[in-house]
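Worksheet: the structure to be examined is printed underneath.
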Amino acid sequence: MDIVEDNVDENNDSLNEWSEFNIPEPILKALLEKGFTKPTVIQKLSLLPAILGRKDILGAAETGSGKTLAFGIPVLYGILECLKKAENGELDLDDDSDLEEEELDEEDPDSEDDGAVCVRAYTLKVDFEKPKHKLYALILTPTRELAMQVKNHLTDIAKYTNIKIAVITGGASLEKQEEALKKGPHIVVATPGRLWELLDQNEPHLSQVNNIRFLVIDETDRMLENAHFSELKQLLERINFDESKKKLRQNFVFSATLTLVHDPPKHIVEKSKKKNKPARFTPGQKLQKIISILGMTDPKVIDCSQQTVTAEKLLEARIFCSHEDKDHYLYYFLLRHPGRTIIFCNSIDCVLRLVKFLNILKLNPLGLHSSMNQKHRFQNLESFKKNSKAILIASDVAARGLDIPGIEHVVHYQVPKTSESYVHRSGRTARGTSEGLTLVLCDPLEMPDYNKLIRTLNRKRDLPEFPVEMHLFMAIKERVKVAHLIERVELHEKKSNSKINWFQRAARECDMIVDDPKIPKQRDIQEVADNRRFLKKKRSELNQLLAQKVTLQNISNRCISTTVLTDASKPVESNTSAVDLMKSVMAGKKDQLKRRMAKRLSQNKPLRRKAKKKRKVPSNIE
């Protein structure tokens, strides 16, 4: 194998940070070119046992902490070592004997029925296309976007080696992926569904999956959910069948929420009480279950996750509001605090509605959800990356692993159903050394989910309230009201047209003539005309509202400055970002607490909380 070798400047201080890990020079050169001058905490703790000790790694670290390189560098290092041994004749790359021959047992038809059976053994030569190269590593991810991102990341680091990497995901052309596999990639990054589909078709290169030397499962807790677990379970049963090959394999398991446990549903709790069993796993029990399922051998457990689970430079906030006011607060935030923002929803229907609603307000959002075709998903992601003030409205398909630089805000339009979702959604911002804000919009019906979230994340206090300038909030309410009217009428028009079209299409397919007066044959002309006039009027009214000047009073350092928004369809230009605003709020709370403590000390009062008085029970109640 030819490896491009260039001398890396030995005087470079950056080399000292990586030198202890015995990283090959081609990989080291690519790391420095990409700006990775020193390893992150999870990388420091993972690389030594993985590279020098060749241990299985089970790692937990907050989002944006560099988990991809924590498994990527050891895998690339291991493959380079295998290829070097193969060149020296120390390793057999063509050991495919288990793929070439099968024995079939057939009963002898001439044998007597005396209780004994004579069996003839036949050796069947299977018509099997021999793989071009050996498959060394398999990396599994829960989403297509994450698979593509991991592939691109590893390709950048392996650019000065001859290691080939392919990505296999659903939603893409099966023929193109089969062509990529025919080239014999050393590493395959895949989602479980498409991988199992190709394995089921006996794809030649993937047929070597039993012999892989490295297995990586990224975002493991998500991969073990029911949606993915059936294919993953079958795959693990296949590659763990041969104990001798299983012992040769190195496993890597990573996630931001690997040690996070939460309260189970009430029916599980009640069932567990009857059996005198604990309903909730401890972090250790959760890890042990993962180790057992994946067949890991004495793994090195590395837990770099914070006590708060979320990233260190992530600022968190919430807004309690009515369900009807959610759109008002969302529009206020996007208008007042421009920047690359992801808005997360719990359902695809909610994503579609918000895209429509914010388009009416001329904010030009992008959508991303699992029902979109793959081409459209990648197009929207690329558009989101290119615009520093872009807005992406997404389901949880975008919550895991996506590393898009410069995301300033994450807004939870609906409270996430699990703490894992909250952590992974919030992890799209404040990645690496950057700061970011995550904001939860919570209505009264979502309070149980919100309270459960706070408990699971081990927060001693509620999330701080995000400050809202009420004069601006009241000024934009009329715009949102008009936008809602337009949205409702457009939805009514769409449903009415869809209903009539359905009846007409069904009649044509059945070759029937519809004469029932209750079934409409076409829309009422007057109603259609009235709705068109109404929409035209309201759109004109909204355009006038968006063009009106809005005066913002920004209070900074106790001085009031005034900013005038001339085009209200564009974000408000402000000197104070949402992150800086929350930092000032938190600093103000700390100062207030210090003053309160100083006052108590000056009055010689003990620094303790007042005990809550117990309510007296009326004497007439037993």
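Glycine residues also receive a Cβ, built from the backbone N, Cα and C atoms like all the rest.
Confidence in the coiled coil (525-555), given as mean pLDDT, stands at 83. TrEMBL lists 525-555 with the feature coiled coil.
TrEMBL lists 606-622 with the feature compositional bias 'Basic residues'.
Residues or ranges marked as domain 'DEAD-box RNA helicase Q' by TrEMBL: 16-44. For the domain 'DEAD-box RNA helicase Q' (16-44), the number of residues in each DSSP class (helix H, G, I; strand E, B; coil) is 19 helix, 0 strand, 10 coil.
Marked as domain 'Helicase ATP-binding' by TrEMBL: 48-276.
Annotation source TrEMBL lists domain 'Helicase C-terminal' at 329-474.
The region 'Disordered' annotation in TrEMBL covers 91-113 (among others).
For 587-622 (among others), the entry in TrEMBL reads region 'Disordered'.
Taken from TrEMBL, the feature motif 'Q motif' covers 16-44.
Tertiary neighbourhood of the motif 'Q motif' (16-44): same-chain residues 3-6, 8, 51-52, 59, 61, 65-67, 69-70, 73, 76-77, 80, 156-161, 302, 304, selected by CB-CB distance under 8 Å and a gap of 6+ residues from either end. Secondary structure of the domain 'Helicase C-terminal' (329-474) per DSSP (helix as H, G, I; strand as E, B; remaining residues coil): 63 helix, 23 strand, 60 coil.
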